[in-house]
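Since the structure comes first, as structure tokens, the remarks are kept for the end.
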Amino acid sequence: MLITLEGLDGSGKTTVWEALHDSHPDAVFTREPTNSWYGDAVNRAIRDDDADPLASLFLFTADHADHLSRVIRPALADDELVISDRYSDSRYAYQAVELQQSEINRPLEYVRGIHAAFTRPPDATIYFDIDPETAAARSGATNKFEQAEYLSSVRANYERLIDAEQHRFVRVDATKSPEEVIDRVEDAVDRLVDAHEN
Ligand SMILES: Nc1ncnc2c1ncn2[C@@H]1O[C@H](COP(=O)(O)OP(=O)(O)O)[C@@H](O)[C@H]1O
Ligand SMILES: Cc1cn([C@H]2C[C@H](O)[C@@H](COP(=O)(O)OP(=O)(O)O)O2)c(=O)[nH]c1=O
């Protein structure tokens, strides 16, 4: 089963992902951008304020393709529980904003379309819901994405994705204390795994 964690920068995904290592020690933990050389290229694009948005999209997507073949598909074939800190929805939400000023019409649909032929959609996605101002403040606003205005557009895209596939998403109030958020997500993962097995 594949469960993904999604939300704005600073929403607390990584804090929870780390806590889940203790509560679900048998799961396979992974993330995007990955730690491969494709992920290194993605991290260069994130740090480059002048990176071409379409070129960045394809770097992120290359990293996803490698992630799928190297980590996700083999783990799912072994019947593992896979928990990924960010996954395809991050592309749909973030790169669609980057492409808003480009020649691409309907960027969110375009980015989804590129993935459709080869991706493996998550079975469930936990969405860390937080306002863009708190997210930007928590993340330290260290890269081009971690600005409240940008994150506000990213959040609107996440809401569109949730509207389109409500059954896949579990919304968690990420403004609560770390302990409360961790408890909520641990419970959600247990319920999702039970429902998947029964
Ligand atoms: N629920 C929370 N309340 C307040 N601060 C938090 C909470 N969760 C995480 N943080 C802090 O916010 C910052 C970003 O958290 P992080 O888990 O790295 O978020 P993300 O992976 O979503 O960017 C870190 O300094 C972290 O300690
Ligand atoms: C995976 C992914 C990340 N990103 C962005 C979100 C982050 O600003 C940055 C790095 O992701 P990440 O390391 O998960 O940052 P954070 O822990 O702050 O959420 O890359 C995309 O724009 N598209 C993607 O597909």
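Here the Cβ of each residue, glycine as well, is placed from N, Cα and C on the backbone.
Taken straight from TrEMBL:
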- 5-183: domain 'Thymidylate kinase-like' (DOMAIN)
- Gly7, Leu8, Asp9, Gly10, Ser11, Gly12, Lys13, Thr14: ATP binding site (BINDING)
Hits among Leu8, Gly12, Thr14, i.e. binding-site residues with CB under 6 Å from ligand 1, come out as Gly12, Thr14
Residues near Leu8 (ATP binding site) by Cβ (under 8 Å) yet at least 6 apart in sequence within the same chain, in sequence order, are Phe128, Ile130, Pro132, Ala135, Ser139, Leu151, Val154, Arg155, Tyr158
Determine the binding-site residues, out of Asp9, Ser11, Gly12, lying near ligand 2 in the sense that the CB is under 6 Å from one of its atoms, and give them in sequence order.
-> Asp9
Lys13 (ATP binding site) falls, by three-state DSSP, under helix
What mean pLDDT score does the domain 'Thymidylate kinase-like' (5-183) have in the model?
-> 97
Can you tell which of Asp9, Gly10, Ser11, Gly12, Thr14 has the least company, meaning the fewest other C-beta atoms within 10 angstroms of its C-beta, among these binding-site residues?
-> Thr14
Report, as a single number, how many Cβ atoms besides its own are within 10 Å of the Cβ of Gly7 (ATP binding site).
-> 27
If you draw a 10 Å sphere around the Cβ of Lys13 (ATP binding site), how many other Cβ atoms fall inside it, taking every protein chain shown into account?
-> 25
Counting only residues outside Gly7, Leu8, Asp9, Gly10, Ser11, Gly12, Lys13, Thr14 in the same chain, those with C-beta within 8 angstroms of the ATP site's C-beta centroid are Phe128, Ile130, Ala135, Arg138, Ser139, Ala174
